[in-house]
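Listed in TrEMBL for this protein:
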| type | residues | note |
| --- | --- | --- |
| BINDING | B:Glu134, B:Asp165, B:Gln191, B:Glu239 | divalent metal cation binding site |
| BINDING | B:His452, B:His532, B:Glu608 | Mg(2+) binding site |
| DOMAIN | B:18-259 | domain 'Xylose isomerase-like TIM barrel' |
2 protein chains.
Amino acid sequence: MRTGIATVCLSGTLEEKLRAAAKAGFDGVEIFEADLVTSSLSPEAVRSLADELGLGLDLYQPFRDFDSVPDELYRDNLRRADAKFKLMDRLGIETILVCSNVATASIDDDALRAEQLHGLAELAADHGVKVAYEALAWGTFVNDFEHAWRVVADADHANLGTCLDTFHILSRGWDTEPIERIPGEKIFFVQVADAPKLSMDVLNWSRHYRVFPGEGQFDLPKFLGHVARTGYNGPVSLEVFNDTFRQADVERTAVDAMRSLIWLEERTAKHLAAGTAESGDPAATPTPAQLAAASRAYPMPLTTLPQVAPPSGINFAEVKADPAAAGASELERLLAQLGFESRGEHRTKPVSLWTLGDARIILNRQQARGVAPAISALGFDVENSVTAVARALQLKAVAVPRTSQANEEVLQAVEAPDGTEVFLCQDTLWAEEFGAGLPASATEPPAARIDHINLAQPWQHYDEGVLFYSSVLALSPQPSQEVSSPAGLVRSQVMQTELVGGERAVRLALNLAPWVQADSVRGTVADTFQEHIAIAVPDLIATARACRARKLPFLEIPENYYEDLDARFGLEPQFLATLRELDLLYDRDEQGDFLHFYTATVGSVFFEMIQRIDGYDGFGAPNAPVRHAVQHAAQKSK
Amino acid sequence: MRTGIATVCLSGTLEEKLRAAAKAGFDGVEIFEADLVTSSLSPEAVRSLADELGLGLDLYQPFRDFDSVPDELYRDNLRRADAKFKLMDRLGIETILVCSNVATASIDDDALRAEQLHGLAELAADHGVKVAYEALAWGTFVNDFEHAWRVVADADHANLGTCLDTFHILSRGWDTEPIERIPGEKIFFVQVADAPKLSMDVLNWSRHYRVFPGEGQFDLPKFLGHVARTGYNGPVSLEVFNDTFRQADVERTAVDAMRSLIWLEERTAKHLAAGTAESGDPAATPTPAQLAAASRAYPMPLTTLPQVAPPSGINFAEVKADPAAAGASELERLLAQLGFESRGEHRTKPVSLWTLGDARIILNRQQARGVAPAISALGFDVENSVTAVARALQLKAVAVPRTSQANEEVLQAVEAPDGTEVFLCQDTLWAEEFGAGLPASATEPPAARIDHINLAQPWQHYDEGVLFYSSVLALSPQPSQEVSSPAGLVRSQVMQTELVGGERAVRLALNLAPWVQADSVRGTVADTFQEHIAIAVPDLIATARACRARKLPFLEIPENYYEDLDARFGLEPQFLATLRELDLLYDRDEQGDFLHFYTATVGSVFFEMIQRIDGYDGFGAPNAPVRHAVQHAAQKSK
């Protein structure tokens, strides 16, 4: 598949955009007109820069408000087009995008439209230009891809074809099946964008909220499957208007964009191999041979990646801390008070291992100068770490450089968008390198395991994080939620594995917190963002009592919370008294009950101990505002 | 009018919210349940804190999902309500808000609803509580205030009334006239919020985009006029869910909120005095006597302020700079190259005056340590500066402390939300204090005047800025626009005076730029935000030639821009060549033409020279992306 990206997706100058697109591995770009007009590079300079970068200039866009107009305006529009065709000749661009008229259309007549587009195609032919006509979702008269195609078919000119844009088609909910009735050679261009399903006017939705494939809710593999079946073999190019991407670092956004097309290629091949109507049916997993066949079955070849299953557990979590930083000395004490046991020091590095049942936490003091305790790495259990890393690298993840001594386990890791190191682990042999190793006998079910991790995401990389964890680790994104805190709303996106026998192997919550978005929240000092590690135990009340006996600093829950809890659930008095006594929080879903408590925060890390009863599947979200409020007050009193 | 604010409008803990509301001058607050539940203050402590602060606790809210349910759930809902009524007794709150059911409503029957609400009112009466029933805009069965009122009327209980919320009424476009058919004593509470008119689902619109009165597009004076006519005399209380306010400094948000209610009172009195159907008709300006009468005509008295006319011009602009800072030495040179003449030093302060026609720019070197050139103050021409300042102070503006020597003009100033000092000037006598004073004879029309100022706004105070300039200075907000830049979209809001004889006395553009929102835009160094002063001259081409002769550093406009301009407008070749030669930009609207050019930036300030031809009324917005791109490239190359 030929990959492309419109320059409007990226921040910076035209030159910065072109360099970033080339570096991320795109085959070509669409030149967005405003990017050229505002550039100090001449068209010839743009052309030679693209040549030098090995980047095709695949489309010039957009040419607006051409069709459905009175004759005088039509002639002026031809004059405008002639200027742009000459410019395209200097740029060396063959195809121009013409979108359906929204501003000046006054005559709703398909015959006139076809005639005017035929006239445009005649002029284009004189310049060796091809015109790709596209229906905007808010076009005055033409807002449906089938209508645009009918007009193109009626105009019947070799230099006139159509452009399909997923946003304009899927935002309106048009049936995509008729795409297959368009001959592939009359599809001159394909633009793709994903989007969250929002209920708002389509123009604002389009201009601000588009995201890269895999970061939204459109069924893009199904769309691209239809396109492949037409015989189309041109560029599949991203056109994503997004307020955040326009502000974020251009090189990182380009990599995120490239990852999204790689993801889309693979998902499309899987969809074609499965032969289902909608894509993404997890039951319809094709064999490697089926997948390979599907990827080669159409003129548009679809590259696929090494396949991995979702992780089967969280192997470990690592917290980095400078022993001299605030909170570092409290960290080890906190783990001991939680019931963790020290398994000793690593034999060559300033790193120690702590375990509680199957929950493994590594304290890392290397390269930690000045770092207050912070979550720095996560290990995930995978079937085959070599395959998993190969897949991650093909998805443009950055490998973490590791220095391993002879006879040490080589752990493979890549960097997540928020900087967390993600280790892909096949076993726990690495633990042998610590003084005491892992305990000889583990109980079944284990005395404890890491249930979930909660990571704060920088605002620039929130959507990128979702795509990273879904494409690299095969975690499934859940609908995002919002939780209030004294410093603003926290947007939370859970990524997790499927429910198997009432359990989930891995749960990860990505939080976009206001104090990560903005750095001066309170005019004076911002709240530090906090992240946490949640550990599931079989009997939370017993654990809480034991922790209390070990003088663990619990997060203190206000009395008002318990009165409200009682009003909401009408709890049994003895049970309520126990919750109150132990600073426990409570929630209930359709399946079962949830008990949990939090520790005080050290550095930016705190711990949560939880018990899921009868298959409770949430995270105690109704209790999150209480936690935020108490943590906020604790931070202010420091 | 009794003023109130819901704690959910503000950031911070409950205690911080209460203190900020009291400090801003509110009479009372609504306790938002989640704020109490997450607080470590007991209900008794909240009550005594409010007492100490002189703040009424006017409402407990919300109680959700009560009505339209089967009997078993109804009994459980009464149990929930009983717990909350007991809590209210401890808080000393008399009224509870019950909103129409959205989650558990299953029986659509007004008789049943009235019966259930009657039952609730009976229970409430036992506790001395009054129930205010409100229709949520997205209520399952009840989403219209008239429907809610019918149910309340049918239930017919002394402890049951209705609550009117402007968002729920105006977002749905309900006719507000029927409000007058509700007896004032059956309206138990009134909540007000403004909002921009967005086309999106009403729930998300409500939860994230509400703003304070005067910051959105709802006709709130008309609404409150209806309420006044019912005889209502209870609290008018803000309930504003806004993502930004939830993050911003609590004390500043409370002041902004209080200002919005003062604005609303005055506008409502004006509306009542004018006797028009819609409010805001500028032709219907009441006399002071009419206004005073209208403000006392109903049981709800409406406080009004000293009246001022919109400013008749920009008296001066002040740029602050440390002579030792980067750009300071270029600043004076730039002014000279633009044709400004130095009118000498102030006789007691390190401040100098520069003029070009009627355009006056003050360079201020006092208290400027380390400040690179930045716009620090604006003077506006007002009829009476004492009245204007008195009004500003009543609108909670903060006075700028000034030290004046004997025999110096006392200039009155207040601080705008972005920190700009706003001077309210009756004349230019202050200029006599500078060595040369103003030139003896001015030409008519003047050789130049300040046409507009463009100020960057911090994200936390953008809406506050709109209300400040409209309430304090009587400028009118225009629809906001978006402009693309290499570092993201820039949201721009023009505030201006009315068109009189094809001219506007004052134009101010408030820009919310991405590099003001976020501080690390490019991963490394953020673009500095830039602000500018635009000066209108009678013959821009002559001015540009003269500036060129004086070696002014023009902002260099790319050749691509001129080619696009020609394609768009088909300009006369000689004219286009002149534009090109002089780095001029061009735009056209329905009235006329616009010519302008920009200087290079010094510190965070640059200048624009403009000519409006035949009543052109815009700001050359289509050219803004070119300016941003060139400035961005210039900044990167530094």
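Count begins at 1; order follows the chain as displayed.
The backbone N, Cα and C atoms fix where each Cβ goes, and this holds for glycine too.
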Determine the Cβ neighbour count for B:Glu608 (Mg(2+) binding site): the number of other Cβ atoms within 10 Å of its Cβ. 21
Taking every protein chain shown into account, which of the binding-site residues B:Glu134, B:Asp165, B:Glu239 has the largest tally of Cβ atoms within 10 Å of its Cβ? B:Glu239
Using an 8 Å cut-off from the Cβ centroid of B:Glu134, B:Asp165, B:Gln191, B:Glu239, can you name the remaining same-chain residues around the divalent metal cation site, in sequence order? B:Leu97, B:Cys163, B:Leu164, B:Thr166, B:Phe167, B:His168, B:Phe189, B:Val190, B:Val192, B:Ala193, B:Ser237
Cβ within less than 8 Å of chain A, restricted to binding-site residues B:Asp165, B:Gln191, B:His452, B:His532, yields none
Rounded Cα distance in angstrom between B:Glu134 (divalent metal cation binding site) and B:His532 (Mg(2+) binding site) is 48
State the Cα to Cα distance, in Å, between B:His452 (Mg(2+) binding site) and B:Glu239 (divalent metal cation binding site), rounded to an integer. 35
Using the centroid of the Cβ atoms of B:His452, B:His532, B:Glu608 as reference, list every other same-chain residue with Cβ within 8 Å of it (recorded Mg(2+) site), in sequence order. B:Asp451, B:Ile453, B:Asn454, B:Ala509, B:Ile533, B:Ala534, B:Ile535, B:Phe607, B:Ile610, B:Phe619
In the three-state DSSP scheme, B:Glu134 (divalent metal cation binding site) belongs to strand
Which secondary structure state does DSSP assign to B:Glu239 (divalent metal cation binding site), in the simple three-class scheme? coil
Using C-alpha positions only, work out which of the binding-site residues B:Asp165, B:Gln191, B:Glu239 is nearest to B:Glu608 (Mg(2+) binding site). B:Glu239
Whole-number answer please: how many Å between the C-alpha atoms of B:Gln191 (divalent metal cation binding site) and B:His532 (Mg(2+) binding site)? 40
Between B:His532 (Mg(2+) binding site) and B:Asp165 (divalent metal cation binding site), find the distance joining the two CA atoms and give it rounded to the nearest Å. 41
Other C-beta atoms that fall within 10 angstroms of the C-beta of B:His452 (Mg(2+) binding site): 21
